[in-house]
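A.B. asks: In case it's useful when we look at the structure, here is the feature table from TrEMBL:
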- 27-50: transmembrane segment (TRANSMEM)
- 62-86: transmembrane segment (TRANSMEM)
- 130-252: domain 'Palmitoyltransferase DHHC' (DOMAIN)
- 176-200: transmembrane segment (TRANSMEM)
- 212-235: transmembrane segment (TRANSMEM)
Amino acid sequence: MSQPCGTTLTSTNKWLNIFQYCRFLRILGHVMVLLVLALVGFIYTAVVPLTFGPRLISKNIFVILASVIVIIVFTVVTVMCVWSYMATVMLDPGRVPPDWHPFPDEQHARAELERLSYTTYYYDRRDPRRPRFCKRCQVWKPERAHHCSVTGRCVLKMDHWCIWVVNCVGLLNYKAFLLFIFYAMLGCALALLLLLDSMIDFFNNRLRGPSAPLIFVVSIFSFAFTLSLAGFLAMHLQLIAANCTTIEMYEKDRLHPWPYNKGFRRNFEDVFGRNKLRWLLPLYTEAEKRQLLESCLGKVPQAAGLWGPTALPMLSHPATPFLSTAV
């Protein structure tokens, strides 16, 4: 007995839909989180308990004082690295409320959605301010929002989905992500510098015992991670300088001049905030979160406690449309 044509087509589409395999990345990502925490633990162990911890019982007061300073500094950097990392993993990058649209009213939104279905409807695809509708989520996309195939929803100011943090990097956790890269690079560079004498002793056969292989491996990893993270951080600083995301930077057709570029200082403050005391902390105040969300979604109602680690922000429609609908 032959199968209905619709059943065959559905089955074919299921096999052709490569995004169904993105769920595997989420499963693998949880393993990567454990791997990252294990790497941080190994590096900390090689520097503090195995190298500078034993020096605390030295008879030289200067050696003890230097060891205390090193342990305190390296511990602070490690704590900030783990804090930034867990914030990136746990924070919601920013989602689009299901009833949101960039138009004055629902009737206008329905009319625009119908116009988008016309083959004769023209709009500049290079302009990120144009009205866009996500067919997968069935919601209007705010400016700079993109659909993440791994998480299955649209993300505000999406930069990329990162397997190392098993999360999408977007509007509300981009700062934490950059700080994680910064503290990880700083920690690896410090570890490489602090273990340099031990590495010299290792190659001269003066460093022996069960800790010698671990110190050697940690030094190699620290060198590799310092270079790779420095390059990655430099790339993202370039993106901040242009107020551009990774997705926007690598789009084939991009609008010139870029409408979001406000100059390096204001671009930097858009990500890290204006309070210099909080630049190195992976968190936002509620006022800063409100300002970030309003930059994408329009006016946010005055209410406290709306943004938990995975909370859905309750947002209202913007007072004015993002883009004139005239073509």
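Residue 1 is the first one shown; counting continues down the chain.
Cβ coordinates are placed from backbone N, Cα and C, and glycine is handled just like the others.
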A.B. asks: Please figure out which one of 27-50, 62-86, 212-235 racks up the most CB pairs under 8 Å against the transmembrane segment (176-200).
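C.D. replies: The stretch with the most close Cβ contacts to the transmembrane segment (176-200) is 212-235.
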A.B. asks: Residues of the same chain, at least six outside the transmembrane segment (62-86), with any C-beta under 8 angstroms of its C-beta?
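C.D. replies: Residues packing against the transmembrane segment (62-86) from afar: 36-37, 40, 43-44, 47-48, 52-53, 55-56, 165, 176-177, 179-180, 182-184, 186-187, 190-191, 194, 280, 282.
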A.B. asks: Taking helix as H, G and I and strand as E and B in DSSP, count the residues of the domain 'Palmitoyltransferase DHHC' (130-252) in helix, strand and coil.
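C.D. replies: The domain 'Palmitoyltransferase DHHC' (130-252) comes out at 65 helix, 18 strand, 40 coil.
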